[in-house]
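According to TrEMBL, the feature compositional bias 'Polar residues' maps to 70-79. Among the features that TrEMBL reports, compositional bias 'Low complexity' is placed at 80-93. Positions annotated as compositional bias 'Basic and acidic residues' by TrEMBL: 97-106. Feature annotation from TrEMBL assigns domain 'Cytochrome c assembly protein' to 162-371. Summarising the annotation, TrEMBL assigns region 'Disordered' to 42-125. Taken from TrEMBL, the feature transmembrane segment covers 13-34, 137-156, 168-184, 191-213, 225-253, 285-304, 319-334, 346-367.
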Amino acid sequence: MDVNVALAQWSNLLIYSAMAVYAIAFIIYAFDLFGPAFAGDTQKADKESGGTADSQADRTDDPSIGAKSVNRTAGSRTESTAAAAGPGSAATAVLDDGDRPVDGTRDGGMGSGGAEDDGHADASTPDLRRWARAGTALTVLATAFLLGAIVTRTLAVMRVPWSNMMEYALIASAIAAVAYLVLLKFRDFRYLGTFVTFSVLLVLGLCITVFHTPAAQIIPALDNYWIWIHVPIAILSTVLLYLSAIIALVQILRSRSESKPWRGPLRFINALPGSKELEKASYRFAAVGFVTWTFTLVAGAYWAEIAWGRYWGWDSKEIWTFVVWVVYAAYLHARATRGWTPTRVAVLNLIGIASVIFNFSVVNLYFNGLHAYAGV
């Protein structure tokens, strides 16, 4: 069957369009993510350096503040302070003006470092949230372009769109982007938007350069019903394990900030969900990814028996697929073993995704083996 060149060209054009929009979304998400860190850094430093001694002296010299602090703990600020200073005295005015905590933060607010600085929340936070909404809207548009590129390439060759590395990476990028957008319906994961859009943009860049393969018909060795089963599950596994690794990396950074808060550009990490919550989310993705990767390994063995007459031949691709399985099995075992801290377990997760990337890129491109036909 001939290739529809016009549709193939449209597919490439849509890939370029998706990359352009993802790049803009990445920049906008970066404004949202790093904005609070830069906006509040100077004010926070001033408070920590000069404000601490002054506030302690003020609390010592001003009895009304001392009374207000005690009465705030007792839960009866207004009545007790008024009684201590007398009806109609200045203590009442101090109390009315002191509904904010002494450290200059609002109760219950969440800013760049966990609590909103005075004046910063009203002026900056709404704008930053608008940046996040704009980034999400652009991510939706870019993902639509990417899905359109996959559909047009499929129609151009009239076969499944995952028979080579370029198409594999395109599908994986689309699944990652769609999964991210779907998760936003259930939870605010927009702090991952910068990482997701950058990752998708990077993979698409590889698709049009290193992995680029002109639209063509499927080779006979791949023309089997197992391509409808084995490859999609492998792609899904890659996406799940990658999302788990992103969260694991954030978890490591967040764990460090819980003992020693970050300063400067990384200060936004202090306001992210706790490391325990991130670890649980990372584990869930990895656990499901391990199950689907196990299926990928088994299905690949069955396909090998059909194609080459043996289930296992110690091919380079088979070996590294098994290595990935062993690494994630070790990750799950370590998580259930005493003595392994969450940070050390997360490092195993990162080693796992590194082995996945090595298996997909280096093994396919530079190792000789029966799976060489699946490369570029």
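Quick reminder: no glycine exception, Cβ is built from N, Cα and C everywhere.
Bear in mind that TrEMBL entries carry predicted annotations, made automatically and left uncurated.
13-34 is the stretch from 13-34, 285-304, 346-367 with the greatest number of Cβ pairs below 8 Å to the transmembrane segment (191-213). Within its own chain, the transmembrane segment (13-34) is flanked in space by residues 128-129, 131-132, 134-136, 138-139, 141-143, 145-146, 148-149, 152, 170, 190-191, 193-194, 197-198, 200-201, 204-205, 207-208, 265, 268, which lie at least six positions past its ends and keep a Cβ under 8 Å from the stretch. The predicted model assigns the domain 'Cytochrome c assembly protein' (162-371) a mean pLDDT of 92.
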